[in-house]
Every structure is written in C-alpha cells, then in structure tokens.
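For reference, the structure discussed in these notes is given below.
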C-alpha cells in the first residue's frame, strides 16, 4: 500500500509499504528513499498524535492506504527499543518518560503531593498496583510543572522546525500537554477548535474577591451552558463550576464524584484506559476550565479515575441520563451512527453510546467493541 510521509519543512513524499511492516522497517525504507539526511536511527514517526514504536507494525498503529505520517529527526540517536522514548534529549535531570513511555511514576505506593515538580501524575495507594500501572500508562503522555518546561525546550531543540517558544506552548496547550500530539499540531497546524485560551488557576482558598485572576474563570463558566444542561455529556458542569468549600484546596477534585456524567465517563475509562486522553480532548472542547484544573492536579484526577465504579451494571443508565433529551444530528453524524450500526450493534445502544461520547465516533466504537459481551447478555 502507499502512504505519505510529511516532513517538518512542509514537503511530503510517498513510499510503498505493507500493513505487516514494522515501524523500524519503514524507517529503513525512508532512509533508502531520502538518503543520509534521514538516518533511520534518528527518525521519529508520528501518526494520529502518537509516536510509533519500532517493534509495532503499521497495521497495529492503524496506518492504512493513503495515510500520512509525520517524520521528525531527533538530535540524539534514537533508542532501538522504540521511537516513543527518542523524541528529544532530556536536559538536566528531567525524567525521560515525559513522552509517553510506560515507565511512569504511577505505581508508587504513597499519595503524591501535586507540586509543580511532579513529572507525570502518580496514582495513589487507594487503587491496586495493577490498576495504577494501567492508568499511569494512559496518563503518562501528559506533562506538567517543571517537566512541561523541559518538554517545551526539548521540542525547540529537536530541530526541523522554525517555531518559537510561544507557538510550542500554544501547541502543547491545544494538545492538553501531550508532546506527541503537540508536535503533530506544529507540523499540520493547530485546529481552531483545539485552541483553548488559558484560564486562571482555581484559588487555593475562598479568596476570590482578593484574587482578580479568579474572575475571568468565573465569567467563563456561564458561556459553556449553551444548549441546556444535557446538551453536551462531556461538559460535566454546563451551568458553571460548582463552588468549592472555603477550606478546600485548589487540587481537590472531589466534587466530581457528584457528577453523574463523570461516573459514567469513569466507567468507560476503566473499561478502556486508552481512551483517557481522547476523552480529555473532548472534555476540553466543552469545559476547558475543568480540564485546566485536571491538568494542574493530575494526581487527584487519577485518584478519582481509579476509584471503583459503584453499580457497574447501571453504567448504561448513567450514560442515558447524560444524553440530551432531544438532539439534532448533522448528515455526517448520521453517517457515523449508521456505520456504528453496521458493526452489528442495536440502534438504541449505538445512540446512547454515541451521544455519551459527545458524538465522537472513534470513542463510541471503542466502547461498543470493549463491551460487546455485555450487550450480548442483555
């Protein structure tokens, strides 16, 4: 099959590959076509916001006929174990796992304090180690604090692009601190819907009156309330963020427990941890204020995500409650619903999941496939 390879300079070329080819084979093929200026050892290939690992195949990475992948060259030699760890040299003592490596700090046994120096959010001891490892992997491509600063510098140091610091920061913000997707945005352009203006950090105590930065945050909340309370299931608080107790810290996300939508989303993420990041992407379109808070306090968020789901058999009822009562769909959305039905699922079930996933066809398909056995038992 034919795929297109796009460079950071804006040019592109095509190569012939097979679905069973490994990413390492594709890198070798690119070096054969482009010569010494693209050595395989320094290549980093990105597809759909994901850095492709050498040992995986194109088919495993959903690379199909006429797909395009982005190629970058790192200034240091790539690790032969996989390109995901070779996106940039790690300056000073920052942790190298900032770009989606599985060796994250999630399995630690103690509850971490969400300070600015936390690299990636660590899951606390309230969940089993196996669970924390799974969710740690799902969240390992999110960076924050001083690690975020080093990631900005790493992207600037990688070469191949002419972006300035502000552009890199904008790309990271639009990608919700996912370095891999940010790099793709730098190359292909930042989608307009992904650009979220920075909002003020939630105040640590009930001193909003003394903190002028809190006022834009409060003013932004009513704007999210378009279309009624259930128009966007991923907008957990369409009528505005609930007021935190005066004694609650800024990192306290416990108020999410009272959100029926969050309970349903938590069940979906626990069933398929890999949808955590796309779920945050969709949530960010509806409630950027909440996503900012989640980004700043990822440890608290992972603690909530790890908590057992009460009444798992009622997940679909929760999803149904999160749906709008009356909705309109575009022709494109109707086609997406029909494609999901074509996979063999009941129309009512498809509609419930499709709207619960905020009309994201990929998320809906993943959820339907992961819960196929449950639907068959009903």
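Cβ coordinates come from backbone N, Cα and C, glycine included.
It should be emphasised that the depicted structure is a prediction, and the values quoted were computed from it without experimental measurement.
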Where Swiss-Prot places region 'Disordered' among the ranges 41-79, 80-118, 119-157: 80-118
Correct range for region 'Disordered' (source Swiss-Prot, candidates 166-202, 203-239): 203-239
Mean of pLDDT values spanning the domain 'UBA 2' (330-371): 80
DSSP residue counts for the domain 'Ubiquitin-like' (1-78), split into helix, strand and coil: 18 helix, 26 strand, 34 coil
